[in-house]
Amino acid sequence: MNVLGIETTCDETAAAIVTAAEDGRAVIRANEVLSQIAEHAAYGGVVPEIAARAHVEVVDRLIARALQEAGLGFDDLDGIAVAAGPGLIGGVLVGLVTAKTLSLVTRKPLLAVNHLEAHALTARMTDGIAFPYLLLLASGGHTQLVAVKGVGEYVRLGTTIDDAIGEAFDKAAKLLGLAYPGGPEVERAAEGGDPERFALPRPMLGRREPNFSLSGLKTALRIEAERIAPLSGQDVADLCASFQAAVVDVVVDRVRVALRAFGDVAGHPTALVAAGGVAANAALRRALSQLAGEAGLPLVAPPLPLCGDNGAMIAWAGLERLRLGLVDDITAPARPRWPFAEPLATAG
């Protein structure tokens, strides 16, 4: 089975072809990603109108390139998957209209995929892990701890009550005068810094519910930066290292709490999975790997090119749904907001 995946929910335009082999393994035949970082860098963040226009300009070309790289034509496809949300509505519409048009013309099934669900299922594409598993989904706009019980079966154990982890990194970078996107810049600066120089708080540490709160940490960082201004290069490095260490400590503590809660929801997990753009952070990966080892679990984190938004994860999520007969009507809506995990309090 071959599925085309289209991703346009934020500032990456992506198209990919993923094949499900007879033994169930995933083969990524093509994975084209075009980032818009250069277009948004001057604004310090993503400008929705600019993002949507950029998607319009390149999405058709990326689809053609993906098909060419895979050595396939539209007749060889078994389905067309697209991220129908959540995300910036203009970008989501670009991808969805493109996918619907292709579905109508080629008469291939439309698979309207939840972008967050695609992140959640990426580990099955890369490592073939079985359900159930504990997912840490950490990106620029989302931070959740989820019990992944099956395709379409997700129970949210915890979430952020204010800033997402990626959002906090971006705001920290902007505060310290670093470039956009902030996550990689903070991580790079932290490599030369002293993580113990500044005693930044660890919000929510020790709380029974595995929720996150990072706004207080961001405020503490600003206070320290203002206290020692003007900042030298070493000051910035030390602030970044201290900030990153605090975030990692908070995440590890919250994941530990979620692991304890997992058994009551879904039994014994097969793995701890980290997904989303923040999962590319090396310090976080090391800490999560140690935690997983202590719990007797493997840490499964996608290869770095598959941590951020990409078309392969959309294609794979489409394949997972297609194999269960979960196809969508041509009237499937664009959903700028689209929760994918049921809160624990309402889970059956």
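A Cβ is built for glycine as well, from the same backbone N, Cα and C atoms used for every other residue.
Every protein chain considered, the tally of other Cβ atoms within 10 Å of the Cβ of His115 (Fe cation binding site) stands at 29. For His115, His119, Asp309, the entry in Swiss-Prot reads Fe cation binding site, with the evidence type sequence analysis.
Using a 10 Å radius centred on the Cβ of Gly183 (substrate binding site) and all shown protein chains, the other Cβ atoms total 26. What Swiss-Prot lists as substrate binding site is Leu137, Ala138, Ser139, Gly140, Gly141, Asp170, Gly183, Asn281, and the listing cites sequence analysis.
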Distant-in-sequence Cβ neighbours of Gly141 (substrate binding site), under 8 Å, six or more positions away:
Cys10, Pro86, Ala164, Gly166, Glu167
Cα distance (Å, whole number) from His119 (Fe cation binding site) to Asn281 (substrate binding site):
16
Neighbours of the Fe cation site His115, His119, Asp309: Cβ within 8 Å of the Cβ centroid, same chain, sequence order.
Glu7, Thr9, Ala83, Leu116, Ala118, Ser139, Gly276, Asn310, Met313, Ile314
With every protein chain in view, how many other Cβ atoms are within 10 Å of the Cβ of Ser139 (substrate binding site)?
24
Per DSSP, to which secondary structure element type does Leu137 (substrate binding site) belong, with helix, strand and coil as the options?
strand
